[in-house]
Every structure is written in structure tokens, then in C-alpha cells.
Amino acid sequence: MEALLNEWLWREEFWIPPGNHWKDMEMKEGEGHFPLPRHLIYTLPLALIFIAIRYIFERVIAIPLSKVLGVKDRIWIRAASIPKLEAFYKQHSQQPSQSEVVGLGKQCGLSQRKIQTWFRHRRNQDRPSSTKKFCEASWRFFFYLTSFTAGLGSLIDTPWFWDQSECWRGYPKQPVSEAHYWYYMLEMSFYLSLLLSISVDVKRKDFKEQVVHHIATIILIGFSYIANYVRVGTLVMLVHDSADIILEVGKMLHYALWAKTCDVLFVLFALVFLVTRLYVFPSRIIHSTLIVSMQFYEPFFGYYFFNALLFVLQLLHIYWAYLILRMVYRFAFMGKIEGDVRSDEESPVDDNEEEEEDGGECSWEQRKDAINSRLASLANNCVLNNLTNQTNRNSRLPKTR
């Protein structure tokens with residue numbers, strides 16, 4: 001089996017430039033170590049450790065912090081226990097069609113309106129609470145902040161941090177320091193843990209894009225490590241973590257209903273995201289891997305594959321930038337953020353929901369006042385109509401006489 005892997009998977013033309021051999025990659029004692037494929041096996045147990053640490057973090061730190069910041073969970077009306085509707089909800093669809101509603105009404109002896117109301121209550125019952133969303137955001141904020149701080153500390157004194165052409169000087173025989181080794185292992189383990197837990201996390205509007213992003217990131221980190229693209233890989237991870245820190249803290253305050261602070265953070269996040277993902281990433285990193293690298297070695301399979309993965313990430317950046325610019329437009333012309341289309345929002349709420357999530361801030365008193373004002377305007381219209389009709393009757397009396 002090992003001979004087959006060495007013959008097909010670890011062929012030199014796949015992983016290193018022409019004219020280089022695996023035996024040339026051996027490092028002398030004291031020079032550091034060369035990245036080996038077997039190192040990536042450690043990321044799976046590390047990912048499981050991350051999931052365990054997250055479980056403890058959310059219950060020991062995140063939940064108490066949510067109470068301090070004033071995060072409150074909405075209490076939804078629980079759907080009545082109707083076995084036939086429950087079985088249909090779990091096995092077929094959460095949003096039945098009109099013909100299915102009619103059929104379910106005949107089976108259960110209920111009107112169509114009651115069937116639709118039951119399904120609305122049942123969907124609301126499955127909505128994740130604000131505390132759960134806050135815990136997810138706080139865990140990611142903690143990791144991104146720690147990763148960005150440690151990564152910046154390990155890269156600030158390196159020559160390739162300031163001059164990206166240094167990423168390729170001496171390639172592929174470049175030793176990897178202990179700090180950058182752990183930076184890679186922990187970053188890949190974290191994204192692997194996110195992919196493993198994505199089925200139980202809050203399902204968001206950009207769920208498919210998030211899955212593609214996680215898979216592309218894991219493959220990108222793993223391939224760049226094996227092919228010893230570690231120098232440019234550390235820059236890619238650092239650029240991505242910078243904007244994610246602001247995004248996650250903005251989510252936390254959004255769930256705590258700190259509206260003004262959240263708006264300020266959103267503007268800051270939009271600026272950092274657009275600068276790092278639409279300017280720094282393509283102009284510095286992709287330009288370096290696509291153009292500058294060819295000055296130091298001839299293109300090979302790894303060159304094309306690595307750049308293809310970077311372009312996949314860039315396409316996702318453009319998609320998310322489009323969503324962010326829509327929010328910026330709404331914020332600039334409406335004065336506030338309504339119907340957030342960023343990736344921190346869940347699947348869209350039905351238009352006919354009895355209680356929409358975005359209306360969570362409205363108190364019962366405000367709703368009662370709105371109802372009273374509508375009733376008053378309706379009563380005034382009725383009085384005016386009565387007076388008008390009475391005047392018309394009086395004007396007809398002389399003619400009748």
C-alpha cells in the first residue's frame with residue numbers, strides 16, 4: 001500500500017517543481033523540519049479536541065457572558081401534539097404545499113388555516129435561540145482573535161511578511177519553524193472541527209457557500225503544507241482572520257441588541273473585509289503565487305492546483321462582498337440595517353409568520369399602542385362617513401318636499 005502511494009500519490013511532479021527530488025528536501029539537524037504528509041493526520045484528533053473545548057467554552061464562558069450583555073431568547077408558541085402532522089413535518093416537508101395542506105386537513109379533521117398555523121408554530125419551535133447563536137459567535141471570535149494575534153506575532157519579523165517575493169526564495173527547500181507548524185496544524189484543525197459540527201450548528205442563508213468555503217480552506221491548507229507553500233499560506237490565513245474577528249464580535253452584539261454599536265462595527269467590518277479580501281488578497285497574495293513565483297521555479301501541477309483553490313476563495317469573497325455592499329447601501333439610504341443579508345443571519349423567515357424574528361425588539365406595549373391608533377383612525381373615518389351621509393340626506397329634503 002505504501003509503495004502504491006509513493007508511486008501514484010506522492011509523485012514528485014505533483015508536489016515539487018521540476019528538477020527537484022524528495023531526497024533534496026531532507027533538512028540537516030538544526031535547520032528545522034520539512035513538511036511531511038503524515039503531519040496532517042494529527043489534525044483529526046486536534047479537531048475533536050477543539051469540539052470538546054468549544055463545548056466547555058460555550059457553557060462556562062459564553063452563556064454567562066450572554067446574560068451579562070443582555071441576550072434574551074424569544075419564547076415561541078409550542079405546536080400542539082398531533083402525531084400525523086409531526087410525522088409529516090419530520091419525514092416529508094416543513095413547508096407543505098396547498099394540496100398537502102388540504103390532504104392533512106382531511107386526515108386530522110382540521111381546517112386549512114389551523115394546519116398552516118400548526119406548521120408555523122412548529123417551524124418557530126425549531127428556530128435556534130439567540131443564546132445558541134451568541135455562543136457560536138463568541139467561540140469563533142475567541143479563536144480568530146487568538147489565531148490572528150499569535151499569527152501576527154510569528155510573522156511580523158519574517159521577511160516575506162513585508163516582501164511577498166521572499167515566499168519563493170529558496171523554494172521548495174524552505175525549513176518550517178515550530179511556530180508556523182503549529183499555526184498550520186491548529187488552523188486546519190479548527191476548520192475541520194467547523195465542518196464536522198456544521199450539521200448541528202445554526203443553518204444560515206449561505207449554508208452551501210460555507211460548506212464550500214470550509215472544504216476549500218481545508219484542502220488549501222493541507223495541500224499548501226505538503227507542497228511547502230507554508231510561507232504564503234500563513235499570509236492567507238492571517239488575511240482571512242483579520243476581518244472575521246470584527247464580524248464575530250458584531251454578531252455577538254447583534255444578538256445582544258446593541259444596535260448602535262453593531263452598526264459601527266458593521267461599517268468597520270465592511271471596510272476591513274473589502275480592503276483585505278478584494279484588494280490585499282488578490283493584489284498581494286494571488287499576484288505573488290500566480291506571477292512572482294514563476295521567477296523562481298517552473299510551473300507544475302501544484303502551482304495550478306494551488307492557484308485554482310485561491311480563485312475559488314476569491315469567488316466566495318466577491319459573493320460575500322456583494323451581500324455586504326447591499327447592506328451598506330441600505331444603511332446609507334435608510335439609516336439602519338434592516339433584513340440583514342450577511343452570513344450571520346439564518347434562513348429567511350416566512351413572510352406570513354405570525355411573529356417574525358426581526359420584530360423581536362418590539363414590546364407588547366408598542367404593539368398595543370399601534371393597534372389602538374389604528375382603531376382610533378378607523379373610528380374617526382366611521383364618524384366622518386356618518387356625518388357626510390347625514391348632510392346628504394338633509395340636502396335632499398327640500399327637493400323631496
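Cβ from N, Cα, C; glycine included.
Keep in mind that this is a model prediction, so the values were computed, not measured.
Sequence annotations record features per position, and here TrEMBL assigns transmembrane segment to 39-57 (among others).
Broken down with DSSP, the domain 'Homeobox' (72-129) shows 34 helix, 0 strand, 24 coil. Taken from TrEMBL, the feature domain 'Homeobox' applies to 72-129.
Taken from TrEMBL, the feature DNA-binding region applies to 74-130.
The annotation domain 'TLC' is assigned in TrEMBL to 132-333.
Residues or ranges marked as transmembrane segment in TrEMBL: 141-161 (among others).
For the transmembrane segment (181-199), the residues of the chain that approach it from at least six positions outside its boundaries are 33, 35, 39-40, 42-44, 46-51, 54, 143, 147, 150-151, 154, 207, 210-211, 214-215, 217-218, 221-222, 225, 230, 233-234, 237, judged by C-beta separation under 8 angstroms. If you look up TrEMBL, you'll see 181-199 (among others) marked as transmembrane segment.
Here TrEMBL flags 211-230 (among others) as transmembrane segment.
Here TrEMBL flags 257-280 (among others) as transmembrane segment. Below 8 angstroms of C-beta separation, residues 69-72, 239-240, 242-243, 246-247, 249-250, 314, 317-318, 320-321, 324-325, 327-328, 331, 336-337, 342, 360-361 of the same chain, each at least six residues beyond the ends of the transmembrane segment (257-280), sit close to that stretch.
Annotation comment: TrEMBL describes 301-322 (among others) as transmembrane segment.
According to TrEMBL, the region 'Disordered' annotation covers 342-364.
TrEMBL lists 346-360 with the feature compositional bias 'Acidic residues'.
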